[in-house]
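Undergrad: There's a structure below that I have some questions on.
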Amino acid sequence: MILNTFNLQGKVALITGCDTGLGQGMAVGLAEAGCDIVGVNIVEPKETIEKVTAVGRRFLSLTADMSDISGHAALVEKAVAEFGKVDILVNNAGIIRREDAIEFSEKNWDDVMNLNIKSVFFMSQTVARQFIKQGHGGKIINIASMLSFQGGIRVPSYTASKSAVMGITRLLANEWAKHNINVNAIAPGYMATNNTQQLRADQDRSKEILDRIPAGRWGLPQDLQGPAVFLASSASDYVNGYTIAVDGGWLAR
């Protein structure tokens, strides 16, 4: 039965940045599909833990700054110590800094690049080594952006980092397919999250954005649940190196 290919019963998903918003939505969606969750955050994700355990799945909460790559191996070791394996990695942790390019600071550049792309690569590397050790392959889901496809304004390091996410997704897929590792990405459109709070608070800018989205609304965390489950499951075994836009039709305009 086709629905069985989406069943994640017995799988373990490691998700970075799942205390709120899109990360929380994906964590809950994966849990509902059968995954136990390892959540890596800088704060205790109390609400996410409640939602995951409410559907009968286990949740291991780990605290770390993902931009410090020296701690990545320990995170995977703790996940394996608790659950015996890792099957899925979702690289969701990320930040954005807004400032005109002409004034953009080195700190705002480095902070964003270190978390949004450097940590994505090195966490993927660490988890891929575990996948290879386990001998059964695995699934890596990176979180890209509309600004993986477009330039945007006033977010130079974010645009650069998310363009890089789409590129590194392709490279890792090319190199690791031989190990039965699928590396894909999801590019959310304009979503109602903390990252877009300033945009949504600006009535003129919000209207301008909504007027371009064929769906006529801001995206919600649950809009990423289906794509995340698909990319984490055997239903996507022949999908590799691809970035799926979940944008209400934004890129079609």
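Using N, Cα and C of the backbone, Cβ positions are placed for all residues, glycine too.
On a predicted model such as this, the values are computed, not experimentally measured, just so you know.
From Swiss-Prot, here are the annotated features:
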- 14-38: NAD(+) binding site (BINDING)
- S145: substrate binding site (BINDING)
- Y158: active site, proton acceptor (ACT_SITE)
Undergrad: So which recorded positions are near S145 (substrate binding site), with CA atoms within 10 Å, out of C18, M26, L30, G34, V38, Y158?
TA: Y158
Undergrad: Going by C-alpha distance, which of the binding-site residues L14, C18, L22, V38 is nearest to Y158 (active site, proton acceptor)?
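TA: Nearest by Cα distance to Y158 (active site, proton acceptor): L22.
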Undergrad: Around L30 (NAD(+) binding site), how many other CB atoms lie within 10 A of its CB?
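TA: For L30 (NAD(+) binding site), the count of other Cβ atoms within 10 Å is 28.
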Undergrad: When you measure from the Cβ of L22 (NAD(+) binding site), which residues in the chain that are at least 6 apart have a Cβ under 8 Å away?
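TA: Listed in sequence order, they are N92, I143, P188, M191, T193, P221, L224.
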Undergrad: Using a 10 Å radius around its CB, how many other CB atoms surround C18 (NAD(+) binding site)?
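TA: For C18 (NAD(+) binding site), the 10 Å Cβ neighbour count is 30.
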Undergrad: Using DSSP and three states only, what is V38 (NAD(+) binding site)?
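TA: SS state of V38 (NAD(+) binding site) = strand.
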Undergrad: Using all protein chains in view, find how many other C-beta atoms are within 10 Å of the C-beta of M26 (NAD(+) binding site).
TA: 29
Undergrad: I want to check the contact list for G34 (NAD(+) binding site): same chain, sequence separation of six or more, C-beta distance under 8 angstroms. What comes out?
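TA: N7, L8, Q9, G10, K11, R57 - these are the non-local Cβ neighbours of G34 (NAD(+) binding site), listed in sequence order.
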Undergrad: What kind of secondary structure is C18 (NAD(+) binding site) part of, going by DSSP in three states?
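TA: Looking at the DSSP assignment, C18 (NAD(+) binding site) belongs to neither helix nor strand, so coil.
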